[in-house]
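Everything below concerns the one structure shown next.
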Amino acid sequence: MLLQEVSSKPYKRVQTHAACTSRPRVAPAPKLRVHSVESLGTYDGPGIRLVIFLQGCNLKCLYCANPDTIEFGGGTEYELDSLVQMAQRQRPFFGKKGGVTVSGGEPLMQARDLVPFFQKLQKEGLHTCIDTNGTILNNNSKELLKHTDLVLLDIKHIDSQKHLKLTGKQNDRTLAFAEYLASENIPTWIRYVLVPGYSDDEEDLHKMGQFLANKGNIEKLEIQPYHKLGEHKYESLGWKYQLTDVPSNTEAQLLKAKTIFEQYVKEVVIN
Amino acid sequence: MFKSGNWEKAIDVRDFVLKNVRPYDGDSQFLCEASERTKHLWNICLDAISKERANNGVLAIDTETVSGVTSHGPGYIDKDNEIIVGLQTDMLLKRAMKPYGGIAVVEKACEEHGVEASERVKDIFNNYAKTHNDGVFDVYTPEIRLYRSLGILTGLPDNYARGRIIGDYRRLALYGTERLIQAKKLDMLSLVGPMTDERIRLREEVAEQIKALHQLKELGDIYGLDLSRPAKTAQEAVQWVYMAYLAAVKEQDGAAMSLGNVSSFLDIYIEKDIEEGKITEEYAQELVDQFVMKLRMVRHLRMEAYNEIFAGDPTWVTEAIGGKLADGRHKVTKTSFRFLQTLYNLGPSPEPNMTILWSQDLPEGFKRFSAQVSIDTSSIQYENDDLMQCTRNSDDYGIACCVSFQEIGKQIQFFGARTNLAKTLLLALNEGRCELSGKKVLSNIPKLQSDTLELGEVMDNFKLAMKEVARVYNESMNIIHYMHDKYYYEKMQMALVDTNPKINLAYGGAGLSIVADSLSAIKHAKVTAIRNEEGLTTDFKIEGDFPCYGNDDDRVDIFAKQIPSYFNGLLKELKTYKNAEPTLSILTITSNVVYGQKTGATPDGRALGVPFAPGANPMHGRDKSGAIASLSSVSKIDYRDSLDGISNTFSIVPKTLGATQDQRTENLASIMDGYFAKDAHHLNVNVMNREMLADAMENPEKYPQLTIRVSGYAVNFVRLTRAQQQDVIARSFFETV
C-alpha cells in the first residue's frame with residue numbers, strides 16, 4: 001500500500017446490509033459471454049435490478065433495439081464469481097423487491113452456464129429473473145427455470161406467420177414455453193412490443209389475450225411502446241434498419257391495446 | 001402543558017424535544033394547500049423576485065445604514081396578510097451593508113450595482129473602524145498570498161464573512177431573552193482568573209453576547225413582540241424562532257447561515273395547539289408556509305466575484321429534517337411533512353436548503369414522500385443520519401452550510417473553503433512549480449527521474465507537496481479565524497450557543513476524482529509527461545486503459561479513499577486557533593468550474609481549463625456502469641476521514657427511475673437506502689431532463705423557479721452563469737434507453 005494503511009475499523013452501528021461473509025470456493029467456474037451490464041435497471045423486473053445483457057440471440061427481430069447483442073462472436077467473458085460479487089455489492093440497493101435480471105441477447109442460449117449462476121444468487125437470497133424470447137426449452141433451460149424467481153417472456157406475436165415476418169422464426173416454441181411455465185406455475189410477466197402496422201391488429205391482440213387468459217402464473221403484461229432509439233446502431237453494424245417508416249405509438253394506440261389486454265390479464269402496464 | 005424535564009432547570013432544548021416530540025408514522029394525506037393569504041403574499045414576492053432579476057440580480061440597496069440587529073424599522077410584505085413578520089430591512093429584498101467583513105467589498109458591491117455607499121459609512125470604515133478583511137491582509141504571509149493567487153487555495157473567507165455558525169434559534173422560543181441573558185450572566189460569573197489571553201477573550205465574547213440578546217429584545221419591540229418571555233402558542237413559537245434567525249442575518253452576512261433543526265421542535269407547539277382546538281391544519285400549514293416564505297426572502301450584499309465560488313446568490317438557510325433520536329425513536333413529525341409541502345405550496349426553491357436526515361428506520365410514508373418531493377422539485381438533499389449519529393455522538397444536530405454536521409447550541413465551525421488537490425498533484429510533477437505560471441511554490445520537490453511517470457516516485461512527491469500545502473492552508477485558517485473573531489464576531493448567533501463551545505475547523509479539498517483517476521492512469525496505463533521549454537507539464541500521453549473512479553472498481557476507488565485519509569492526517573497534526581478540531585470536506589460548491597480554469601492538464605487525460613467534477617463526484621462521462629456503480633464508488637470514501645462531509649450530486653432522468661410514479665418513488669427510496677447502507681454520507685438528488693435545462697438556458701423567463709441541486713446546495717438554475725449552466729448540463733445524467 002502506497003499511502004498509510006487506511007483504518008478499517010467498523011462503525012459501531014450494526015450494519016443491516018453488511019457484506020456477505022465467506023462463500024465456499026468451487027472449482028474454476030464457467031463463464032458467461034456478456035454484452036454489457038446496467039447497475040440501475042428499473043424496467044426489467046421488480047424494483048432496482050442489476051441487469052446483465054448476454055451476447056448472442058437466435059432471433060433477429062426487425063425492431064430490435066440492441067442489434068449489437070445479436071451476433072454470437074462479440075461480448076466479454078465474465079467469470080460467474082465476478083458477477084456474483086457484483087450482485088452482492090449491489091445488494092443494499094435492491095430493497096425488498098429488486099435483484100438480478102439476465103437479459104440479452106437470448107439468455108437461454110447460455111442456460112447451462114446460467115444454472116450455477118442462479119443457484120449461487122438464490123443461495124445468497126437474491127431474486128433471479130430472466131428476460132427471454134422463450135424459443136429454447138431443453139433440459140438446461142428447464143433446470144435454470146427451477147432457480148428462476150421470475151420469467152419475463154417476450155411474445156413477439158400471436159400469429160405464427162406474422163411472428164415469422166417479424167423475427168425470422170415461427171412462434172410455436174414460444175407458445176409452448178408459455179404453456180410449460182403455466183404448467184410449472186412459474187411466476188411470469190409477459191412483454192409485448194406494440195409495433196404500429198406489425199403487431200397492433202386488434203383481432204391479434206384479442207387472440208393473444210385469449211391465449212394468456214386463465215394462465216394463473218401470469219402476474220402482469222407489459223406493453224412496450226415501439227421506439228427507434230436503436231436505429232443508429234444498425235448503421236454502425238452496416239445493417240439496414242427495415243422499420244424506418246414506422247411511426248412511434250400514439251397514446252391512443254397504447255391505451256387501446258391496454259384496454260383489450262385488460263379483458264384477459266389482471267394487470268396490464270405500459271412501460 | 002409540556003412534559004417537564006431538565007429543560008426547565010437549564011438551557012437544554014434537546015431535552016425539551018426528547019420529552020415532548022411526537023413522531024409521526026403516517027403518510028402525506030393530511031397536508032393542506034396554501035391559504036389565500038399565503039398565495040397573495042407569495043405573488044408579491046414573486047413579483048419582487050422578477051424585478052430583482054431584471055435589475056441585474058439586486059432590487060435595492062440601503063447605502064446609508066450599517067446593518068445590525070436593530071438598525072432598521074419594521075418591514076412587511078403586506079402587513080395585513082402576514083401571520084409571521086419581519087424583514088432584514090424596511091423593504092422586501094432591499095439589501096443592507098455589513099461592512100465589518102470588509103469595507104472594500106461593500107464599496108465594490110455597491111459600485112457594481114450602480115450605487116455608492118454613503119460618505120459617512122466610507123469615512124467610518126476607512127478611517128476609524130477596522131474590518132476582518134483589513135486584519136487578515138495585514139497579517140497574511142507572502143506564501144499565503146502566492147497560494148491564493150495561483151489558485152491552490154481558493155474561496156477563503158478573508159473577504160467575506162465566514163458563516164457556518166448555527167445559533168440555536170429554538171432557544172428564543174423556549175426561553176425568551178430574559179432567561180437567556182440570566183444564563184449568560186451566570187456563565188460570566190464563573191469565568192474568573194487567571195486572566196490569560198483565552199479567558200479575557202471569552203469574557204469579552206460573553207459580554208458581547210449579552211448585548212446582542214438585549215438587541216434581540218429590541219428587535220421584537222420594533223415589531224410589537226415581547227421576546228423577553230417564552231413563546232406561548234404555535235404562532236409565537238414560529239415567530240420567535242424566525243426573529244432569532246432574522247437578528248442573525250441582520251447582523252451577519254456569513255456565506256452560509258443555516259437554520260438548524262427547528263421543524264420538529266416547532267411541531268411540538270403546533271400539535272399542542274391543534275390538540276387543544278386552537279388552530280386547524282390549514283393554519284398550521286399557513287404558519288410553516290409563511291415562515292419558509294420569509295426564509296426565501298433573505299438576501300446579502302455580495303460582489304460579483306463571489307458568484308464564481310458560490311453561484312446563484314445562495315444564503316444556505318439549511319434546515320435538517322427527520323433523523324432519529326438516540327433512544328431509537330425517529331424524529332419525523334407532521335411538521336417535517338409541512339416543511340416539504342412548502343415546495344408544492346410555494347413552488348420549488350433552493351432556500352431554505354432542506355436536508356433530509358435519512359435513516360434506514362425512517363417510516364415508509366416519509367421516505368416515499370421525500371422521494372416524491374425530490375422527483376417533483378429537485379429541491380432537497382439527503383444525509384446519512386445513521387452514519388453521523390454513530391460517528392459524531394449526537395442526535396440534536398443541524399447541517400452547517402451544505403453538508404456539515406454541527407451539534408446545535410453545543411458546537412460551532414470555522415469555515416475553511418478548500419484547497420486544490422489536483423493542482424497539488426501537478427506541483428509534485430513540476431519540482432514544486434505552478435504548471436501554468438512557472439512560479440516556484442514549493443522548494444522541497446525533487447525532479448522526477450523520468451517523464452514516464454512511475455507511481456512510487458509520483459506518490460513520494462505528492463505526499464511532500466500535500467504536507468506543504470496543508471501547512472500553508474492551516475496558517476491561513478488560523479489567521480482568518482483570529483481576525484474574524486476580532487473584527488466581525490458573531491455575537492448574536494453565539495448568544496444562542498453554549499459559552500465556550502466545541503469548534504471544528506472545516507478544511508476542504510477539491511479535485512478528488514481527478515487525483516484518483518490520475519493515479520489510476522499512472523498505475524494501470526503508461527503515462528508520459530509532455531513538457532514545454534521551461535520543463536512545465538502541458539499535457540500527458542496516456543497509452544493503454546485504466547479504470548476510472550465511478551465504476552465500483554476497487555483498483556481506482558482505493559485512491560479516492562486513501563487521499564482524503566492521508567491529507568486529513570496531515571491537517572490533524574497542525575496546531576489550530578482556539579484548539580479547533582480539524583475536519584475535512586470533499587465539497588466544491590460551484591468552485592469546480594473556476595478550479596478547472598486554474599489547473600493545467602492532468603495525468604488522467606483532463607485538458608487544461610476543463611471543470612473538475614463537483615464534490616466527490618466521479619468525473620462526468622467516466623462513470624460508465626450506471627448510477628448504482630457510481631454511487632457505490634463514492635460510498636467508499638470514509639466519513640471518518642472527511643468529517644466535514646462528502647458531497648455527491650446525482651442527476652437522473654425521471655423515466656430512468658421507472659415507468660410509473662409509484663415505481664419511481666419506490667426506486668428512489670431504495671437507492672437512498674442502498675447508498676446510505678453502504679455508509680455513504682450525502683446525496684443531492686436531481687430528477688430532470690437535460691432538454692429542459694437546455695431550454696431554460698435559452699428561455700430563462702419560462703423557468704423562474706427551476707431549482708437544481710449542485711454540490712451541497714441548490715440554486716435557481718437561471719441565476720447561474722452560462723459557464724456554470726453548461727457545466728451542469730455536461731455532467732452525467734443517468735439514463736437508460
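The first residue you see is number 1, and the count goes up from there.
Placement of Cβ uses the backbone N, Cα and C atoms for every residue, glycine included.
What you see is a predicted model, and the numbers here were worked out from it, not measured in a lab.
What TrEMBL records for this protein:
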- B:Cys401: active site, S-acetylcysteine intermediate (ACT_SITE)
- B:Cys402: active site, cysteine radical intermediate (ACT_SITE)
- B:1-607: domain 'PFL' (DOMAIN)
- B:614-737: domain 'Glycine radical' (DOMAIN)
- B:Gly712: glycine radical (MOD_RES)
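The residues of the domain 'Glycine radical' (B:614-737), classed with DSSP into helix (H, G, I), strand (E, B) and coil, number 56 helix, 21 strand, 47 coil. Across the residues of the domain 'PFL' (B:1-607), the predicted structure has a mean pLDDT of 97.
In the three-state DSSP scheme, B:Cys401 (active site, S-acetylcysteine intermediate) falls into the coil class. Around the residue listed as 'active site, S-acetylcysteine intermediate', a 10 Å sphere centred on its CB holds 29 further CB atoms from the protein chains shown.
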